[in-house]
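Asker: Below are the structure tokens for one structure; questions will follow.
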Amino acid sequence: MCSLPVPREPLRRVAVTGGTHGNEMSGVYLAQHWLQSPAELQRLSFSTVPVLANPAATAACRRYVDHDLNRTFTSSFLNSRPTPDDPYEVTRARELNQLLGPKASGRAFDFVLDLHNTTANMGTCLIAKSSHEVFAMHLCHHLQLQYPELSCQVFLYQRPGEESYNLDSVAKNGLALELGPQPQGVLRADIFSRMRTLVATVLDFIELFNQGTAFPAFEMEAYRPVGVVDFPRTDAGNLAGTVHPQLQDRDFQPLQPGAPIFQMFSGEDLLYEGESTVYPVFINEAAYYEKGIAFVQTEKFTFTVPAMPVLNPAPSPAS
């Protein structure tokens, strides 16, 4: 496996971003709280900056205003010449790239943790670009060990040859927390508290790394996308059916050929016609209706994550 370089120096600049999607309320309210009271984000060896990523969408309690911000951190958006007609999120992505990046530069933040909610039954999902991200994989493994009751499934979104497009990709290292199910525009105390606890554990892991903790190699399971499935539709493009009750809420569970996936409004069932078992995720995600996605098909695979070199213990930053 060709792995990306792991940090050889302590991580000094960390950001926690919430409200990338303005109606995913756990990250919205945590970011707003930490902007007023940031003390719980701080650790001895590094500083953490809270960021409300999409203020306009947050104010409107919408996923986005003009364009999905979490699909906007590509070179075509970030490096194009600004114009007065640019979508709000394109302008905001450039601002965040200057604040936390620039992307792929030595000046970028060392780590960005981006906070999300989903309406799908994803539980505690950890989203990274690929298995080559050794630091992120060790962090995911640490969270799995700390919280075995949460499962902490790992979803690796980037396909071969695809440019990274999400907010945390502007940093040298990054991870997204995807917690659900939670309705859009709703704040649930249990998920809010779980996210807050996970953020603290992520920051504690960075502190352990900075202080010279050894992290040996290990085997890991993860899920990667192999396709998407749209809802059945009429000739006019309207829904002709919905997710079948036997598939609903079964994120990360195996889907066998011949199993029902949609219940048509006319009464019959549509069956999965694939030739192999897949693992659906983001099943019936509210935000994906507009994208023409009823669920994402993934495959489960196992890979080896190499050990991380031990750093010399880091002195505390000068006050």
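Placement of Cβ uses the backbone N, Cα and C atoms for every residue, glycine included.
Quick paste of what TrEMBL says about this protein:
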ACT_SITE  Glu178  active site, proton donor/acceptor
BINDING   His21, Glu24, His116  Zn(2+) binding site
DOMAIN    11-206  domain 'Succinylglutamate desuccinylase/Aspartoacylase catalytic'
DOMAIN    219-300  domain 'AstE/AspA barrel-sandwich hybrid'
Asker: Rounded to the nearest Å, what's the C-alpha distance separating Glu178 (active site, proton donor/acceptor) and His116 (Zn(2+) binding site)? Just drop the number here, would you?
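Answerer: That comes out at 5 Å between the alpha carbons.
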Asker: Suppose we draw a 10 Å sphere around the Cβ of His116 (Zn(2+) binding site). How many other Cβ atoms does it contain, all chains included?
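Answerer: Neighbour count, Cβ to Cβ under the 10 Å cut-off: 26.
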Asker: To which of the recorded positions Glu24, Glu178 does the lowest count of other Cβ atoms within 10 Å belong?
Answerer: Glu178
Asker: For His21 (Zn(2+) binding site), what residues in its own chain, 6 or more apart in sequence, show a Cβ-Cβ distance under 8 Å?
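Answerer: His21 (Zn(2+) binding site) has long-range Cβ partners Asn54, Ala57, Arg63, Tyr64, Asp68, Leu69, Asn70, His116, Asn117, Ala287.
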Asker: Between 0 and 100, where does the mean pLDDT of the domain 'AstE/AspA barrel-sandwich hybrid' (219-300) sit?
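Answerer: Looking only at the domain 'AstE/AspA barrel-sandwich hybrid' (219-300), pLDDT averages out to 97.
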